[in-house]
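In TrEMBL this protein carries:
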type: BINDING; residues: ARG117, PRO118, TYR119, LEU132, LYS134, SER142; note: FAD binding site
type: DOMAIN; residues: 65-166; note: domain 'FAD-binding FR-type'
Amino acid sequence: MCKMSLDNCNDDNDDERPKTPLEEDCCGSGCTPCIFDVHKTLLREWEGRKTQAKVKIADNLLSLLSYKPFVITNISDTSDDYISVCLEYSECKTENNVSLHLIPGQYVMLHSWSKSRPYTPIAWTYKSLVFLVKVYEHGEFSLLLKNAPIGSEINIRGPYGDFKYERNSFRQIVMFSIGSGIAALYPVAKAIVDDETEFTRVHLIAGFRSIKHVPLKKELTHLADYWNFKCTLQLSQLN
C-alpha cells in the first residue's frame, strides 16, 4: 500500500476531510490501489494531523481519489513493440496555481474502455503526460491504446508511489531494468542528470530482446552525453 499524506490537516475544519468516493467512482476491475483503499489511507492521515506531503493535493491537477479527463494528442512508435502516448488535460484551461505535479518514478492509473492499468509517465508538463507503453500481442489495453484515435479520452488518477530520491545522497547509483521497467527508472535518471547541482553518477543497465526492441534510444543517447550518466544494454539476441 502506498503511503500518502494530506497538507494542513486541521480537525477544526471538516472542509479538509478527504471526500468519500461514491460507489460508481470505483471501476470494478480490481485495480490497485483501489480508490476506497486510498481514501482509507488519506482519512487515517487526516485524523492523525500528518503533514508530510510537500505538494498540496488541492494544488495538483491530478487527484488520488477521482479520475480526471485527458485526451490523446499523439501516438508514435519508439521501437518494434513500444509506443509513446501523449495525454493532455481535456479542460480548456486550468485554475490559477493548479498544475500537474509528480515525483520522478511515480505512477498513475489510466482508465478507459471499462479497464484500468498502471503506467509510469516518462515526461510531463503542467497539464500533459507522456507514457512509454509496451504493446503485447494479446495485451488488450495496450492494443486499445495503440489503435485509439487522436482525441480519445483517457481518465487518469494518481500519482502513487513512495520512492523519493534526495539530491546527492549517493556517490553512484546502479539501476537495473528489464523491458518496460525502464519507464520507472528513466525519469529518475533524467532528473539527476538535469540537476546542475547533482554530483551523483548513474549507471543504467537495461535488458531487452534485441536492439530493435530498445525504446528511448534518442533519449538515452542524449543522457549519455553527460559526464555522470552511463547506459549499458544487455541483449538476449544479437541479430
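Glycine is no exception: its Cβ is also placed from the backbone N, Cα and C atoms.
Shown on the structure are the features that TrEMBL records.
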{"residue": "ARG117", "record": "FAD binding site", "Cβ contacts under 8 Å, 6 or more apart": "CYS31, MET109, LEU110, PHE141"}
{"residue": "PRO118", "record": "FAD binding site", "Cβ contacts under 8 Å, 6 or more apart": "CYS31, THR32, TYR107, VAL108, MET109, LEU110, TYR160"}
{"residue": "TYR119", "record": "FAD binding site", "Cβ contacts under 8 Å, 6 or more apart": "TYR107, VAL108, LEU110, PHE131, VAL133, ALA183"}
{"residue": "LEU132", "record": "FAD binding site", "Cβ contacts under 8 Å, 6 or more apart": "THR78, TYR82, ILE83, SER84, THR120, ILE122, SER180, ILE182, ALA183, TYR186, PRO215, LEU216"}
{"residue": "LYS134", "record": "FAD binding site", "Cβ contacts under 8 Å, 6 or more apart": "ASP81, TYR82, SER142, GLY179, SER180"}
Neighbour count (Cβ, 10 Å) for SER142 (FAD binding site): 21
Residues ARG117, PRO118, TYR119, LEU132, LYS134, SER142 [recorded FAD binders]: greatest CA to CA distance in Å: 13
Env. residues of FAD site, Cβ within 8 Å of mean position of ARG117, PRO118, TYR119, LEU132, LYS134, SER142 Cβ: LEU110, THR120, PHE131, VAL133, PHE141, LEU145, SER180, ALA183
DSSP three-state assignment for LEU132 (FAD binding site): strand
